[in-house]
């Protein structure tokens with residue numbers, strides 16, 4: 001972090017001003033107009049004691065600066081660290097920086113406290129909740145994003161307490177997932193996934209499609225589908241060091257000062273919006289394959305089913321996954337543990353963004369949120385048939401990587417494979433890679449030789465995080481019980497499955513699989529895994545098509561578990577963004593530690609952030625431009641959310657103003673009343689620099705309510721009212737019937753979607769009526785109700801009304817057949833005659 005004098009060379013011209021002097025002047029009045037505070041500005045020029053009012057009054061402070069020019073620029077607070085109120089670092093921060101606030105244990109809640117502290121020390125996420133409060137809005141219960149925003153504000157407030165009690169968030173997470181109810185110890189990784197999935201669900205925004213990008217995506221899909229005979233090498237980066245793969249797995253707006261408050265000298269990270277849109281199409285909703293030939297067998301959703309007993313498990317974010325059968329693939333004999341035995345208890349993983357099965361024609365809507373922007377990456381999984389060489393591809397979105405901890409035999413096999421591949425690929429991947437490969441080979445050989453001289457029972461196998469990554473991405477043979485069902489061969493074949501990273505996330509969450517749960521017992525793998533504090537390089541694991549330029553990561557936080565598989569305690573080590581020091585967060589106790597303590601920790605979950613010196617220089621340049629008085633005739637509005645990305649992302653991507661614009665270029669009517677929370681005003685020079693550097697847009701010089709959206713909203717409200725009123729009227733008439741001749745059945749799954757739409761809980765109308773899950777079609781073609789089906793009963797008029805609007809089917813009618821009533825004596829006589837006739 002740059003020193004203050006390095007940031008501004010004009011500080012030498014400032015006179016000696018004490019804190020008491022400033023407090024006294026803040027209680028005074030403007031020397032020109034006599035107005036009182038709080039918006040007063042004191043001139044810090046040596047020998048000048050002037051105090052003037054700010055721009056909310058007559059702005060005499062600016063007039064004074066113009067009359068008595070000095071080499072110092074009157075910046076309106078450009079802090080260089082995370083803050084809740086835009087103030088620069090104070091003397092108090094030098095003693096105890098913000099963010100060093102503990103959390104009280106609310107009964108075995110250390111798993112939650114450790115996870116929240118780790119997330120709190122992820123600057124991209126924390127800055128969003130501190131600076132972009134206007135986007136933290138939701139109508140969905142339990143509004144966990146509001147609870148989290150409040151918690152982050154308390155943790156990073158300048159008047160922070162020694163510890164806080166996260167009771168609101170604690171109760172909210174219990175409402176979402178029954179797994180966390182009660183006071184038993186839970187898995188911190190399960191909590192992280194549940195929390196981030198819910199935050200995404202509450203904060204998600206639909207992605208506005210663009211025709212040009214859609215055409216490009218379709219062309220890319222077509223190219224992917226033409227890879228029928230592609231080999232593994234076609235998908236590997238030339239920087240790879242070995243066999244890679246495996247695929248499991250309008251109102252008032254902000255002022256210039258607001259813009260300056262958001263431009264900070266922090267280490268920032270990011271990703272391209274165009275790339276993000278492209279990957280979302282391939283990974284959101286159903287994790288559909290990227291080619292028409294891609295197999296459904298390879299489309300695995302590890303977040304929805306019990307985790308297979310294999311080494312290559314990847315948590316696919318539920319935002320982009322849908323339930324499918326899993327191809328259980330066993331990789332090594334010493335299989336690493338599952339993170340939790342309760343994988344099937346995830347009730348929160350089903351998302352509205354998913355395309356519902358059963359012939360539904362509902363248009364596919366893709367979503368994004370701050371969670372997906374920061375934590376989502378994508379992996380290209382490939383399965384190759386060894387008979388016909390057909391390659392099936394799948395692009396999967398991941399929120400975290402669950403890595404195996406390889407055993408001694410696995411390490412030997414892994415290193416042997418890597419060394420062989422290094423020798424083979426050194427001549428084909430360029431001189432720089434060859435030199436790097438041989439140097440790594442020699443150093444690794446020496447290290448392994450030294451370790452081999454010491455008894456393994458004393459030293460144990462040396463395992464690095466890179467070893468775990470290599471084990472995760474190692475090729476997996478599909479044979480025996482795990483043979484591959486090839487669509488081209490139409491039978492089971494031997495195959496190979498491998499995967500590569502297609503897009504790297506801004507913050508990489510890595511989960512080490514330390515816990516293994518069997519039917520009769522559970523145990524914990526206590527092997528030490530060494531991990532780098534800086535410079536984690538993922539380039540060897542990238543696909544050639546990878547869109548991420550920055551591939552190195554620095555450690556932000558690490559969560560550790562002390563104890564056994566059945567009991568224990570969670571703590572976290574986090575690096576403070578203000579002073580760069582490492583701290584141990586143990587519930588309500590926060591202690592500074594040396595980085596060697598962190599390196600020797602038994603890591604369970606690690607958070608890495610993209611590192612980029614170029615991004616820091618870009619922010620320095622923008623700060624300098626913002627401080628200059630030269631400005632054009634135009635002022636530009638820019639998304640506060642994108643500006644936060646620029647401040648905290650390594651790759652912020654093109655400028656995107658879609659957070660406050662509609663598809664027609666105006667302000668959506670529902671956002672206009674808080675538009676000042678969504679935008680920041682930029683001077684022309686700053687906008688031109690950012691636009692020339694990053695592209696994107698669109699440029700916005702005037703804010704207005706979109707009249708087209710207003711008409712659409714009114715028409716939608718009218719449609720909803722008409723449909724729900726008509727349904728209530730028809731249903732009342734149906735309830736009044738004593739013996740209806742026919743009753744129609746309707747799928748409750750579809751009905752719940754329609755109900756959510758007409759009650760304005762869902763913005764999109766449902767697709768056609770889908771009764772396929774409750775209908776049973778016999779060989780004769782007759783359709784009847786499936787036994788135990790989830791259905792509702794409606795009248796014929798109601799069915800016809802909904803059918804005329806939405807279409808669909810099939811029709812399932814239950815007809816009442818009433819036998820003709822006959823007199824008992826007459827019937828008895830007929831039966832007697834019939835019996836006598838038979839006897840005769």
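Cβ coordinates are placed from backbone N, Cα and C, and glycine is handled just like the others.
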Of the residue ranges 205-254, 255-304, 355-404, the one that Swiss-Prot records as region 'Disordered': 205-254
Correct range for region 'Disordered' (source Swiss-Prot, candidates 175-202, 315-342, 427-454, 455-482): 315-342
Assigned element (helix, strand, coil) containing residue 110 (active site, nucleophile), judged by DSSP: helix
Lowest local Cβ density among 110, 569, which the record lists as active-site residues, within 10 Å: 569
Pairwise CA distance, residue 110 (active site, nucleophile) versus residue 569 (active site, proton acceptor), rounded so that it is a whole Å: 7
For residue 569 (active site, proton acceptor): DSSP state (helix, strand, coil): strand
Local confidence of the zinc finger (6-117) - pLDDT mean: 66
